[in-house]
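> A single structure is presented below for examination.
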């Protein structure tokens, strides 16, 4: 058992009843065993909490469906996930959010936490009915990767969200500086002749956000930071005491622009993969707490969308089923205790979400990820349940495989019986 | 980054996609083979049977006159069957994907694709996709590479200058958007040119360009001093709309090649241009038509160089 919250890292027994953990090690009085899971040799951890998983519903079912991506989530040990509002239509009306929650509830897999659109249609012009959206189930508000018409709209959106204490999730990238870029501005983009996105597209957007936080008092979560300079700005802002949290996509913890190789469209990600120095700074930011969480940045796309020249390809990679092994790989490379590494995908993203999940303790919800940390497997389209087979890690051997996933005490994934009845 | 994108297991040319990473021996082999073909273009009967029975598909997703025509002439002189496809007005506009188009043409027993596309990496994508017996020649992809242009440029330099290892070469103009410049830089560095300069305003230089092995000169006068070879680049009109430059007039004043600026280079320096030229924008007519210009010979050598590439790919 590993619980980052309490620091538990030992062999033991977990007793579950209804949807909760009722006891650790001591059998509660009158406890009746209905089912025992023998997890010897395996790790029991809190279920993973993913801050950025696109489920592509509503509207983008040709890329993926709620069914396929929910199966992918639990196969990856993810029991709670936040989905950004960049669907079609965007999550800008309570009805859409209620429908998504309802569909997710019926599937009975991972817990889905919708992030509502900050502006109507994500057009960056008019505010959404945030309070109504919150009542419908939105946990935060975001503009996804869409631009604001101008900084005035962003300031008002932050002010309005701050009125109700809602968190604003922002991906810091200036749309004009990014222009039509598809790769990090550096030697690789220069060699490949790819339109480039300079680091200042991130740092300038970030500086604006930080200034507006001071102006409006809004709580901000920064999504998918990518650069060393960006990490430095966040570090300084946190030292000043700003109410700021921050995540990084798991791809950026491992890869750099070098991995694009000869135009591998699976490495077309947004923000772009940056330099080795940037990747190292992201890792340092994770270690010193500047970056709170690692997200999968799950973005399944249809196969044809990657079989075109790099700049024309859809950005994004499937990630739900790779999050755990890639975090384990990072932990091993950084010689980080498992509990510390898992904190970045359990406890800490749960805090960002403001939801009481991601810990093993009596009274906590029984969302569990039970995995074999020593099981090697090769990433291949057939092994992935996600409808998106697009990942830079195709063909790579990774270590760590989920055996059981429990949500609210129910087994929702069992690798021995893949495809459990709903 | 597993298999080499353009060499086969024996280190021979399988596709020609870029000059980057090509060994000097292969570059020299192409140049030597081209040399042997220059005679053919002057003969009464201009055909040799090296590609008889082979089908060469010119797949041009972007308009081009000179490159497409010289590829066509080169293939015909090698006795190949040439099929020209102007993809800008073809099935692509009807929604067919690039690779579907390639599959359909492969089914028509294509032996070679000559590909021009507006996006970087298009030729790599096709090369990765086709059956192993099909060869792909990149006739220009986005801002990335235009290897046959660079090869005809170094062929031209070799004709007029003896030793690559004693040359100072300047490439002048829109480096940022130029596949020609990138391919020239890689070919020249591989062939041992000790000093390559790029001359351009900062808005037309890609990030970290010095990592390609060039020296950057924002000032044209300084950059041209004692240069042996001047390689001009075409300036697209769009650069004035996209905030890269204020006007073609100011560009010409500071970066256009005039007889006065040419005088700063070595007296026997040669002037090259890949075409099509914008007279009065990047080059003055007196220079373009002057005694130091080798722009028209470049076009002619283009045929021999493309014949060489095609015959080597076909296994001759």
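Count begins at 1; order follows the chain as displayed.
Placed from the backbone N, Cα and C atoms, the Cβ positions cover glycine too.
Quick paste of what TrEMBL says about this protein:
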BINDING   B:66, B:67, B:116, B:146, B:149, B:275, B:276  carbamoyl phosphate binding site
BINDING   B:94, B:179, B:234  L-aspartate binding site
DOMAIN    B:14-158  domain 'Aspartate/ornithine carbamoyltransferase carbamoyl-P binding'
DOMAIN    B:167-312  domain 'Aspartate/ornithine carbamoyltransferase Asp/Orn-binding'
> Tell me the coarse DSSP state (helix, strand, coil) of residue B:149 (carbamoyl phosphate binding site).
helix
> Write out which of the listed binding-site residues, namely B:179, B:234, B:276, lie with a C-beta under 8 A from a C-beta of chain A, sequence order kept, or 'none'.
B:179
> By Cβ count within 10 Å, point out the most packed of the binding-site residues listed: B:66, B:116, B:146, B:179, B:234.
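Selected residue: B:146.
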> Please give me the CB contact count at 10 A for residue B:276 (carbamoyl phosphate binding site), counting all chains in the structure.
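Around the Cβ of residue B:276 (carbamoyl phosphate binding site), 10 other Cβ atoms lie within 10 Å.
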> Under DSSP, is residue B:276 (carbamoyl phosphate binding site) part of a helix or a strand, or is it coil?
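Coil, per DSSP.
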> Would you mind reading off the Cα separation of residue B:116 (carbamoyl phosphate binding site) from residue B:179 (L-aspartate binding site), to the nearest angstrom?
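Each residue's Cα considered, residue B:116 (carbamoyl phosphate binding site) and residue B:179 (L-aspartate binding site) end up 11 Å apart.
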> Looking only at the domain 'Aspartate/ornithine carbamoyltransferase Asp/Orn-binding' (B:167-312), what are its DSSP counts of helix, strand and coil residues?
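Helix (H, G, I), strand (E, B), coil: 62 helix, 24 strand, 60 coil.
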> Report, as a single number, how many Cβ atoms besides its own are within 10 Å of the Cβ of residue B:275 (carbamoyl phosphate binding site).
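Summing over all protein chains shown, residue B:275 (carbamoyl phosphate binding site) has 18 other Cβ atoms within 10 Å.
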> For the recorded carbamoyl phosphate site, enumerate neighbouring residues of the same chain (Cβ within 8 Å of the Cβ centroid of B:66, B:67, B:116, B:146, B:149, B:275, B:276, site residues themselves excluded), in sequence order.
B:64, B:139, B:140, B:180, B:274
> Averaged over the domain 'Aspartate/ornithine carbamoyltransferase carbamoyl-P binding' (B:14-158), what pLDDT does the predicted model reach?
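The predicted confidence over the domain 'Aspartate/ornithine carbamoyltransferase carbamoyl-P binding' (B:14-158), as a mean pLDDT, is 92.
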> Counting Cβ neighbours within 10 Å across all chains shown, tell me which of the binding-site residues B:67, B:149 comes out on top.
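By the 10 Å Cβ neighbour count, B:149 comes out on top.
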> Given the binding-site residues B:66, B:67, B:146, B:275, B:276, which lie within 10 A of residue B:179 (L-aspartate binding site) by CA-CA distance?
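Final answer, ordered: B:146.
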